[in-house]
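Trainee: The following feature annotations were taken from TrEMBL:
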type: COMPBIAS; residues: 1-13; note: compositional bias 'Basic and acidic residues'
type: REGION; residues: 1-24; note: region 'Disordered'
type: TRANSMEM; residues: 42-61; note: transmembrane segment
type: DOMAIN; residues: 120-256; note: domain 'Peptidase S54 rhomboid'
type: TRANSMEM; residues: 129-150; note: transmembrane segment
type: TRANSMEM; residues: 162-181; note: transmembrane segment
type: TRANSMEM; residues: 187-207; note: transmembrane segment
type: TRANSMEM; residues: 214-233; note: transmembrane segment
type: TRANSMEM; residues: 239-257; note: transmembrane segment
type: TRANSMEM; residues: 284-306; note: transmembrane segment
Amino acid sequence: MMGNRDLEREGGAKPRNGSYQPPPTAAAPYYMENSESQWTSWLVPMIVVANVAMFIVVMFVNNCPSNINNFGSGGRRQCVARFLGRLSFQPLQDNPLFGPSSSTLQNLGALEWDKVVHGHQGWRLFTCIWLHAGVVHLLANMLSLVFIGIRLEQQFGFVRVGIIYLLSGIGGSVLSCLFIQRSISVGASGALFGLLGAMLSELLTNWSIYTNKAAALITLIIIIAINLAVGLLPHVDNYAHIGGFMSGFLLGFVLLLRPQFGWLERQHLPAEGRLKSKFKAYQYVLLLIASILLIIGFTVGLVMLFRGVKANEHCDWCRYLSCLRTSRWSC
């Protein structure tokens, strides 16, 4: 499961209720947490509600009791949780995650290489983010979104977090579609990994204003590494995770900059003591580099995708990024 860690700002800590307690220093009367920390989180809860509502719609359309005979063949097959009626789940041999059939997901917008490339259905790069393979999949992603997204939205506002979430999800879809041509893909994992990547770049670009930064960095890297390692298991789309993470990591340098320490109280200082720049030079450099890489990455990825390039044919070792074959399972 994904998680995050509260990071302390230099000069004070931010309690759980979001209020700021300044340190007992001379600057305390003038130093305030910037306004971005005062946002009330509403976008992340709305995304959770939208995903749950979409899952209910998918299950309604799936209608297992009426269509079970059309979803494959062989053996005596019964819907799971039949008391739910039309919303009951596919047999576990079809979907062990307690969800709809793959054909229903495909019809409602799942990511599929052939339909994106040859069917000119590029919108699937977006719609697949809002679909989930089952209750287990949905719960894992939404709990992770709550733990990660609410804190980010409180600090940086709904606009920036929303942009990171959506663009990271699309970035994950593009990389997934470039490498996976024989199966469908759904889920918000790419967008969630984008938020994790943004947390990492936010820590790095605002490095000078944090305390306990080494411990926070190590903890965050461990969390990211564990989540990426889980993606090496079969039937998990780690390409979407990696694409989302890289997109969010670069977007964090662009969108999650914090003013350097002392900028906010500059109006209370004499002219000769005021800072000349809101951000430090290295923050501007990272912003420029990340912006260039984002433009190049999305442009090259989309061009390759719509030209029908199969990236796995040009990178033999890349298959190990999504699934490691062992004696216990095959990929």
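Even glycines carry a Cβ here, placed using N, Cα and C.
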Trainee: Is the transmembrane segment (162-181) packed against any residues at least 6 beyond its ends, judged by a Cβ distance under 8 Å, and which are they?
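Mentor: The answer is 43, 47, 111, 113-114, 116-117, 124-126, 128-129, 149, 152, 188-191, 193-195, 197-198, 237, 239-248, 251-252, 255, 297-298, 301-302, 304-305, 309-312, 318-319, 322.
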Trainee: As a test of reading the model: what is the averaged pLDDT for the domain 'Peptidase S54 rhomboid' (120-256)?
Mentor: 93
Trainee: What stretch of 42-61, 129-150, 187-207, 239-257 shows the most Cβ pairs under 8 Å to the transmembrane segment (284-306)?
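Mentor: Per the Cβ under 8 Å count, 239-257.
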Trainee: May I ask for the residues of the chain that lie six or more residues beyond the transmembrane segment (42-61) and have a Cβ under 8 Å from a Cβ within it?
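Mentor: Tertiary neighbours of the transmembrane segment (42-61) are 86-89, 99-100, 104-105, 107-108, 130-132, 135, 138, 141-142, 145-146, 149-150, 153, 158, 161-162, 165, 188.
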Trainee: Using DSSP, break the domain 'Peptidase S54 rhomboid' (120-256) down into helix, strand and coil residues and give each count.
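Mentor: Split into helix, strand and coil, the domain 'Peptidase S54 rhomboid' (120-256) gives 107 helix, 2 strand, 28 coil.
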